[in-house]
Amino acid sequence: MVFSRYTVGSSAVTAAVVSYAWATREQFYPTVVYLVTSKLCVLALGNQVIVLTLLAGRSAKAVFLGSLREAEVELLHENARYAVTETCLALTVFREELTTRVFALFTALLFAKVFHWLAHARVEHVEHAPQTSTLQHWRLAALMFWLGVVDLVALGGCAAMCLKHGPSVLLLFGFEFAILGAGLGADACKYLLYAIEQRRYDGTWPPKAQYAFFVDFIAEVLRFAAYVVFFSIVFAYYGVPLHIVRELWASYVQLRQRLQAFKKYRALTANMDERFPPATEEEIREAGGICIICRDDMSEGRRLPCGHVFHFACLRLWLQQQQSCPTCRQDIPVEAPAPAPQQPPAQEQAQPQPGAGWAAPRQPEAAQPGAGAVQQPAAAQPQPTQRLEDVLAAALRRLEHNLAAEEPQAPSGGARVWTARAGGASVRATRDAAAPPLRTVPAGEHVLALPDDGEYLRVGDGFILMSELDLLLDETATASAAAETGAASPPRSPAPVERAEVARLRAERFAQPQQPDVAAALDALREQLAAVQRDVAWLRAREEARME
């Protein structure tokens, strides 16, 4: 309604201006001179040209496209503002050549850009539309054909004029039509690939995505080459074209990203069978049994490093466009995974630790009596296809089992519990009474010590005189007496306090120096496992919320 009023008003003003010029000049030539020299007449005629251009655009839209979708209208508004501003900045480089012909070419260029944008948007819509009529296909094909003719004619005319008369403002318009032609060629090729897929392969043609990638890559190369040529010519004859620096850099970055994406795609698809192992039934069930790429049921799939599962064919098609997980958007590493062992070892042999004191080397897990853990069969060992939290949990359980089964044994000779006499007992680094004491054991404090040379006893950090200690409990003598008498229990049962003291002193004395490191590693694994479990819970909650 608004456009109709604007059209009627503009036409009335134009008719009034022409009538006035004819009435006052009464001849054709003076009338034309007056119309092109009077500022008000030029303004009215220019406004009428805009109205006619809009009418031609609406007519072409009705013939080739029909009604526009809301997304297409929004695309026109966004691109039009940017295109007008960019072209006006470009015209400042050729400010000495601005004429009426230049403004006419500017209008024609903007008109052509609008239909190139609509053709690109309509091709993308047709590729993803569930159903498209034959008439729509013919209309879209005719639109792209006529746009191609316009691009070739405009580019050829601008090139011929520049070769004949030298560089001029026509360079700008020739460059713009070259960019439009490259984009239109890419859209036409992708539309042709879509038609082949629908006609010959019933909507499923795996190589199509790869061909489309090459088409986009070639179009990007041509676009970047056009920017470089235009920048070089304008820089040589007119100076630095600042308005095109951003576009030149953006084209270079996009071309580089496409090259990197293609290299990454080739690396990821080189060994997909080894890189993405088959998902288990439990993992498919956790994923809901649906591939989120194609939204179809999934009876078998491949698992990404992040744990999400997809169809093998869908994953290959996705990697041609994106090299990240479709669900969590995590980048897929290019490095090939380390080869997994064919059969995990059923037992773990501990290596002897240097400086471990009198602690005996760890025995294999199957040989540990009373360790409180049952040896798991090989099938229960963590497989390489398990999730990260499962692997960490298995490692945590194995470390806990090893620590529980690793009770240090005392050397032959028996350990006895002693108590320091009045005045305390001195611990020295050597068997020399004149050596300075390392520390002093207060009077009445218990010490777990081993016999050394008859005069000295050996403790954890040195030697102590036997004369400074009183024997509190002799475990070896008690056990020997029980064995000789054959009694069910030792003749002398130590008090509970003495038993607790013996256990504490034994743990302090025979604790391996490497034990704090193992305990710290165990705590770190617990923290890491808890963090992984929190992350997995958060991802599952987010995925469930998204599915709802």
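Easy rule for this one: first residue shown is 1, then count along the chain.
Cβ atoms are placed via backbone N, Cα and C, with glycine included.
All annotation found in TrEMBL is predicted automatically rather than curated by experts.
For 33-55, 102-120, 140-163, 170-193, 213-238, the entry in TrEMBL reads transmembrane segment. Marked as domain 'RING-type' by TrEMBL: 291-329. The region 'Disordered' annotation in TrEMBL covers 336-386. What TrEMBL lists as compositional bias 'Low complexity' is 345-384.
Ranked by Cβ pairs under 8 Å to the transmembrane segment (140-163), the stretches 33-55, 102-120, 213-238 are led by 102-120. Distant neighbours of the transmembrane segment (170-193): 87, 90-91, 93-94, 105, 109, 112-113, 116, 119-120, 123, 126-127, 140-141, 144, 147-148, 150-152, 154-155, 158-159, 161-162, 205, 208, 211-212, 215-216, 218-219, 222-223, 226, 229-230, 233-234; these residues of the same chain sit at least 6 beyond its ends, with a Cβ under 8 Å from one of its Cβ atoms.
With helix defined as DSSP H, G or I and strand as E or B, the domain 'RING-type' (291-329) counts 10 helix, 8 strand, 21 coil.
The predicted model assigns the domain 'RING-type' (291-329) a mean pLDDT of 81.
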